[in-house]
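S.K.: One structure, pasted below without further comment.
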Amino acid sequence: MKYVMVILGLLVLAAICCASEVEELDWRQEIARAILEAELQPEERDCKGLFRQCKKSSECCKGSSCESDLTGLCIFNLPGR
């Protein structure tokens, strides 16, 4: 009888552990999904971000400038330029 109770107790414990692992996995997937959704939505701003097409530096965000001669992309401001 004691062995049956021990086995039943272990089975219940195993079931609880499995259920908590499934909940933890769902929680991680929800966080990953939320991060991806936030990253994939376009930002609304008055300037163009890095590596976006531009024609003049005033179109690019602060800290970057348009390299229209070379690539036509907004890039980081380089020292000495």
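Including glycine, each Cβ sits where the backbone N, Cα and C put it.
Keep in mind that what you see is a predicted model, and the values were worked out from it rather than measured.
Swiss-Prot lists these features:
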- 1-19: signal peptide (SIGNAL)
- Cys47-Cys61: disulfide bond (DISULFID)
- Cys54-Cys66: disulfide bond (DISULFID)
- Cys60-Cys74: disulfide bond (DISULFID)
- Pro79: proline amide (MOD_RES)
S.K.: Tell me which residues of the chain lie with their Cβ under 8 angstroms from that of Cys54 (disulfide bond), as long as they are six or more apart in sequence?
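M.R.: The answer is Lys48, Cys60, Cys66, Ser68, Gly72, Leu73, Cys74.
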S.K.: Around the Cβ of Cys66 (disulfide bond), how many other Cβ atoms lie within 10 Å? Please give the count over every shown protein chain.
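M.R.: For Cys66 (disulfide bond), the 10 Å Cβ neighbour count is 21.
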